Amino acid sequence: MVTILDTINPDAKRVRHPEKAHRPDTEVMRKPDWIRVKAPTSKGYAETRAIVKEHKLVTVCEEAGCPNIGECWDKKHATFMIMGEICTRACAFCNVATGKPNALDMAEPENVAKAVKEMGLSHVVITSVDRDDLEDGGAEHFEKVIWAIRAASPATTIEILTPDFLKKPGALERVVAAKPDVFNHNMETVAGNYLTVRPGARYFHSIRLLQRVKELDPTMFTKSGIMVGLGEERNEVLQLMDDLRTADVDFLTIGQYLQPTRKHHKVESFVTPDEFKSYETVAYSKGFLMVASSPLTRSSHHAGDDFARLRAAREKKLLVAAE
């Protein structure tokens, strides 16, 4: 298990999670066999890493310690994390560093666009840290990144995974107006866990955010994801599904929570593959166009393939409705 120190940047001396340093170590459960993944060693992984470093980019794959980094980077898939690597929030589950962020890098939109073109991406996912310090929460920067990618690689479809833009009037409208192909905002966990797991956020604000996207652009695909294994009850997960469907969300992802350090929220349970399959079945019955539910599912895992299936599912639904 990694320590509280920054383990992403080998030269860093700062504490990665200062707000968690005073906490007692939590119990660490042994991972079941279905969670284990191979260490990244492939040529494709090395090439992707080189491109990321060349353009001085940050990826959520590294910062969040994603277990799928070896598989995704081998295929030259990466999720770019814009607006720096320091977040203004301190969620109990997240491995991204907390603190006072640096000023925005004005060259970042062009650098991201160059990397997308160089990697030949047909679909790209752009996420960010929370930037509560910015007047618009980073909405203009998202807009610039989307525009830069459109200019450099017009055929690439763009998926964004945004923060909640809490108390940032007009921010959401600006991002939606930039016309990403998929708007993703993760609920992360059930309503009853928000005070302990996601204390800086508001459950119904996030639901309303996703609903508002559809009001602004009914044709835009919306997506959200949660982690399980944080002590939630099954009925709470089903209620969250209902809340997302009320907001007309198209795509739901469900994955196992994995504890980054002993200072983070403990894993309360490892949900079995059969339970994930059951959640998938129920979610489809509630009307989601696309559901990805498995222990290693993450928001941007297989995002390009999933987008193709999502688009096909909508076309099929429209054809059926027209008959």
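From the backbone N, Cα and C atoms, a Cβ is placed for every residue, glycine too.
Reduced to three states, the DSSP call for Ser300 ([4Fe-4S] cluster 1 binding site) is coil. Look at Swiss-Prot and you will find Cys61, Cys66, Cys72, Ser300 tagged as [4Fe-4S] cluster 1 binding site.
What Swiss-Prot lists as domain 'Radical SAM core' is 73-289.
Cys94 ([4Fe-4S] cluster 2 binding site) carries neither a helix nor a strand DSSP state and counts as coil. Among the features that Swiss-Prot reports, [4Fe-4S] cluster 2 binding site is placed at Cys87, Cys91, Cys94, with the record citing sequence analysis.
A straight line from the CA of Cys87 ([4Fe-4S] cluster 2 binding site) to the CA of Ser300 ([4Fe-4S] cluster 1 binding site) spans 19 Å. Rounded to a whole value, the Cα-Cα separation of Cys91 ([4Fe-4S] cluster 2 binding site) and Ser300 ([4Fe-4S] cluster 1 binding site) is 19 Å. The record gives Cys87, Cys91, Cys94 for [4Fe-4S] cluster 2. Within 8 Å of the mean position of their Cβ atoms, the other Cβ atoms in that chain belong to Arg89, Ala90, Phe93, Asn95, Val96, Thr98, Val129, Asp130.
If you average pLDDT over the domain 'Radical SAM core' (73-289) in this model, you get 95. When the binding-site residues Cys91, Cys94 are compared by the number of other C-beta atoms lying within 10 angstroms of their own C-beta, Cys91 comes out lowest.
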